[in-house]
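Okay, structure first, notes after.
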Amino acid sequence: MSEILLLLHPTVVTEESLVESAKSGLSGKFPEASLTQHIIDRIANDMVELPSSHFDHIHYVNPNKSHLSIPPSVMAKLFASLKNGGELSGDLPKDQDLDVLMNGFIVKDDGSWSKPAPVSTVLLRKKKPAETAARKMPTFKKPVSSPVTLTDTSANNTDAEDDLSMKRKLDSTKLAYFSDDSSGEEDDLIDENELIADSHKFNVNIVVPKKCELPNGKKRKKACKDCTCGLKELEEQEEQATRNLQDTLLGKMAQSATLEAIKIEERLKKSQVQFSAQDLTEIDFTVEGKTGGCSSCALGDAFRCDGCPYLGLPPFKPGEVVTLDSFGEDI
């Protein structure tokens, strides 16, 4: 009896029809199988421990098509729970081929993942060279010592010819010896291309790196310290654009404030109040016969207004010059 694991995304719990449809499909495909059901979050948080090499097939149901990614740690747990040759199918991500391969899975043409069965290694034995006749050791001609005799210098030098022939024999012997060894070494060489099957050649899935952005309009994370995906440069451009906008707004505000201050100053200059000598003498108590607006400034603090400039001074007579020296005796 085969073991089947139905792996559910947390959002599937609210859709019972989708779960029942997945169960009926697995029952039709594996009629005599034992079905086990788990939620992927419980496996990711180690709340559920899957048995090792136990399931023949795992089916993953995830209705959230915009977020199908599976953490690499969960991939490793699912790989360990599958039997050799088992498959993982369902709503699987299409942009995590590198993580899938790193965890041991093989991506099939239909998009499912399979756990390959272990392959027994075959040792290639060293090919021995064909045995030939036993090689003889090289012989060397030992010159025979002879008594020194008088020779005719006009005759040919036979000793030089003998040395030359011996040297040629030695060279031919060395070449024969090393040529036999090199033939054996050539037999040991194995072409690497012959070890690769034709079906595996040029079958490479190009993995495109994911963009640094989240679906459903979620807030993007900050760039890493050693960011190489371009997110750091993008953030710097956004910050620079924000600074430029702020500088522009502040410049406009300062310019408008300056213009407004100039307008107010011009308005004040136009509406400046000018007092005549007659107006000024109306409140000058040094002039005889003049009194203040309240006509009681000379009577004392009890009769003076709140803003009277003579608050705190003793009563005086109208027309009298008020000085501090005149009150020195009272202090």
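Cβ atoms here come from the backbone N, Cα and C positions, even for glycine.
What you are looking at is a predicted structure, and each value in this text was computed from that prediction instead of being measured.
Within the listed segments 41-44, 193-196, 305-308, 309-312, Swiss-Prot records motif 'Cx2C motif 2' for the stretch 305-308. When secondary structure is read from DSSP and collapsed to three states, Cys297 ([4Fe-4S] cluster binding site) falls in the helix class. Across the region 'Fe-S binding site A' (212-229), the prediction's mean pLDDT works out to 69. Applying DSSP to the motif 'Cx2C motif 2' (305-308) sorts its residues as follows: 0 helix, 0 strand, 4 coil.
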